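Reviewing the structure listed below.
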Amino acid sequence: MADNDRDGWDPASGVGLSATEGAAARAVVGRRKTPLVRDPFAEPLVCAVGVDSLTRLAQQSGVDGESGFAIPRMVDWIAARTRFFDDYFNAGQTDGIRQSVILGAGLDSRTYRLPWLPGATVYEIDQPGVVEFKNETMDRLQAQPLADRRPVAADLRGDWAPPLRIRGFDPSLPTMWSAEGLLPYLRAEDQMQVLDEISALSSKGSRLAADTVDDIGELAARIALSRGPRNPVAESDADLGGASSSHAVAQRLQSHGWLSNTRPAPQLFAAYAMPPLAEDQELYRKITVVTAMLR
C-alpha cells in the first residue's frame with residue numbers, strides 16, 4: 001500500500017473505492033435470474049457513496065451487467081467469493097461458534113442479511129471514515145442487524161486489538177475471522193502483523209478465511225489495461241500492497257498452530273456451477289482462498 005494512503009480512507013476515496021466496486025458487483029449479481037447471493041443493501045450503499053461511475057455500475061442489469069468492472073468476470077468472482085464467505089459463516093454457526101470478526105468490513109452487509117443464530121456477536125473492523133459512513137447509511141435505511149453488531153473504528157495496519165477488546169471481544173471464545181478482499185491491499189509486513197494478531201487473540205477451535213493474490217503486480221497491471229471509461233477505482237487499485245503469496249500466508253498461520261487449506265479461485269467457480277475460465281482469464285488462477293482452524 002502506498003505510503004500516502006497511511007492516513008486512511010472512506011468508501012469514496014483510496015482503496016475504499018474498491019470495496020464500493022465490490023458492492024456494486026453484488027448489486028448486479030442480485031438482479032440475475034438465479035442469483036448466487038442476494039445483498040439487498042449493496043445498491044443503496046453504493047448510491048449513498050455518491051461516486052457516479054460506481055452508481056452506474058451498481059445499477060446495471062442484463063447481458064451488459066459486467067461492463068466497466070475492474071477485470072473480466074469480476075461479477076462472477078465477487079458472486080463466488082461472497083457465497084463462499086457466506087457459507088463459511090453459516091457453517092461456523094452450525095458448529096457452535098457465536099463470535100465473529102470481519103476485518104476490513106467495508107460495505108459488507110452480512111450482519112444485516114445472514115441468518116445469525118441467537119447469541120451471535122459480529123465485530124466489524126475498518127477505518128473510522130468507513131465505519132461512520134456505514135453506520136449513518138444503515139441507520140438512514142432503517143436497517144436492523146440480525147446479530148449483535150459491534151463496529152470497531154481502527155486501522156488494521158496499526159494496533160487494532162485494544163479497540164476490539166474495548167468493544168467486548170472475548171479472546172477465550174472460539175472466533176470466526178474473515179479477511180475478504182483485504183490482504184491484497186496490505187503490504188507484506190502488515191499482512192503478517194495482522195495474522196500474528198489474529199493468532200494472539202484466538203482460542204482453540206477458532207477459524208479464519210481470507211483471499212490472497214499470488215502476483216499482485218500482474219493484477220494491478222491487468223486492472224489498468226482492462227479499464228474502459230475513466231473510473232476512479234483504477235487509481236486506488238494501482239496502490240495494491242505487494243502482498244504475500246497464499247503459501248506465505250498459510251505458512252505463517254501454520255507457525256502459530258493453525259491447520260490451513262488453500263483453494264484456487266477456479267475451484268470456487270466450479271463449486272458454484274459457473275462457466276469455466278477462458279484463456280484470457282488466467283489471472284484468477286493466481287487468486288487463492290485460504291481457510292484455517294486453530295488446533
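Just so it is clear, glycine is given a Cβ too, placed from its N, Cα and C backbone atoms.
Since the structure is predicted, the reported quantities are computational estimates derived from the model, not experimental observations.
Some features that Swiss-Prot has for this protein:
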type: BINDING; residues: D126, D155, L156; note: S-adenosyl-L-methionine binding site
Q) In sequence order, which residues at least six apart in the same chain have a CB under 8 Å from the CB of D126 (S-adenosyl-L-methionine binding site)? A) G104, A105, G106, K134, P151, V152, A153, A154
Q. Can you check what DSSP calls D155 (S-adenosyl-L-methionine binding site), collapsed to helix, strand or coil?
A. coil
Q.
Just to verify: the residue among D155, L156 with the fewest other Cβ atoms within 10 Å, which of the binding-site residues is it?
A. D155
Q: Determine which residues of this chain, when D126, D155, L156 are set aside, have a Cβ within 8 Å of the centroid of the S-adenosyl-L-methionine site's Cβ atoms, and list them as they appear in the sequence.
A: G8, L103, G104, I125, Q127, A154, R157, G158, W160
